[in-house]
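> This is the feature table in TrEMBL:
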- 75-417: domain 'Amidohydrolase-related' (DOMAIN)
- 84, 86, 254, 329: Fe(3+) binding site (BINDING)
- 84, 86, 254, 329: Zn(2+) binding site (BINDING)
- 93, 156, 189, 257, 334: 4-imidazolone-5-propanoate binding site (BINDING)
- 156, 331, 333: N-formimidoyl-L-glutamate binding site (BINDING)
Ligand SMILES: O=C(O)CC1=NCN=C1
Ligand SMILES: [Zn+2]
């Protein structure tokens, strides 16, 4: 190697996340590929050498190094991966806080035309430019919290025109923002007011018009459905996802978030890449997911924010051999936070995961949940040089000391995009 673009060195604790192929579960979730006194060398945005600094220095000996970045004896991890967000949306729902404090449940608020439908009204009323500006601000926040790859769902348009508007905003962000975005169509997020009481007719609209239009637009890779009591039944969810699969979409499912409908079983039956929430999932459903290789995406900020007495049974999932990923579920109602670092703390304190399992769930397993494990989720030769340097020298300190942002520097495709905790990209 004659030319190195970036060398990140003097890393006291380098978490490479190098390990077995495939999404990880069981004891494998504790294997984080930790290297003491490490370094990472980058050419053209890709990792060319990674490991103990003395070994990396030998591998690049004699090369001309454009930028040497001193990690000052701190912790470095792979760029964090957000596999589940509702990034693009209009308005906000702080008024729901008092409703919740007065005992209203999530589904009761939705049933009365609030919740998702309140955000649908705000999103339909917003211009593409307004949605772009608002989503970019959140994406900058996510980047500052260490997220370098983010999944973004539609689902606040609920008509062909408005769903395509949301998806175009995600596409515009993908072109202009350093964070890599992965787009999911979620027209089956709720039944719009104009179809109230006519859910089957709305399901037909999703199947016969929205899915083909979205496929033609090329603006989404995945299709997700909110399979929930009072939203879309197992049968309706199955019909939508079978139609989506036929068109070539890969599948995700909001499953067993509040009521145990058997969403986990349906996700396994249809070969979803991931199933989301799963607070009410049965052991049988989780076992079926394990057999089908479905990644469980747990969302502890949501159960925290909804003041639920129970959380996703992540420990049980790991015991059964289901790969676990974590995400913020960023959305204006059930989880209005962009902080994956808060999710680290909740993953430990409310889900009972160790710091190592939490990091696996936010890197390589999250990458598997969005089909990007070949490109990101670990610091290995050939992968994208997406990494985070923290103002901490060990992993446990991140979830332990909560409520602040520990990120100092973020590197995306070999470029410094966050410096001293603030976005620093052109
Ligand atoms: O409430 C929202 O806007 C997002 C959500 N969809 C399903 N659960 C939460
Ligand atoms: Zn969600």
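Every residue, even glycine, has its Cβ placed from backbone N, Cα and C.
If you look at the structure here, what lies around each of the features I listed?
Residue 254 (Fe(3+) binding site) has a Cβ environment of 29 other Cβ atoms inside 10 Å. Reduced to three states, the DSSP call for residue 254 (Fe(3+) binding site) is strand.
Counting every protein chain shown, the Cβ of residue 84 (Fe(3+) binding site) has 30 other Cβ atoms within 10 Å. In the three-state DSSP assignment, the secondary structure recorded for residue 84 (Fe(3+) binding site) is coil.
Within the same chain, residues at least 6 positions away in sequence whose Cβ sits under 8 Å from that of residue 156 (4-imidazolone-5-propanoate binding site) are 86, 88, 89, 90, 116, 119, 120, 122, 123, 124, 162, 166, 189.
Taken residue by residue with DSSP, residue 333 (N-formimidoyl-L-glutamate binding site) is part of neither helix nor strand, so it is coil.
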> Mean pLDDT for the domain 'Amidohydrolase-related' (75-417), as a whole number?
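The answer is 98, the mean pLDDT of the model over that range.
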> Please go through the binding-site residues 93, 329, 334 one by one and keep those whose C-beta falls under 6 A from any atom of ligand 2; give the result in sequence order.
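The qualifying binding-site residues are 329.
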> Can you tell which of 86, 93, 189 has the least company, meaning the fewest other C-beta atoms within 10 angstroms of its C-beta, among these binding-site residues?
93
> What other residues of the same chain, not counting 156, 331, 333, have a CB atom within 8 A of the CB centroid of the N-formimidoyl-L-glutamate site?
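Residues close to the N-formimidoyl-L-glutamate site, other than 156, 331, 333: 86, 89, 93, 115, 116, 119, 155, 332, 334.
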> With the Cβ atom as the reference point and anything under 6 Å counting, tell me which of the binding-site residues (86, 329, 331, 333, 334) are near ligand 1.
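Within range of ligand 1: 86, 331, 333, 334.
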> Sort the binding-site residues 84, 254, 257 by C-alpha distance from residue 331 (N-formimidoyl-L-glutamate binding site) and give me just the closest.
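Closest recorded candidate to residue 331 (N-formimidoyl-L-glutamate binding site) by Cα: 84.
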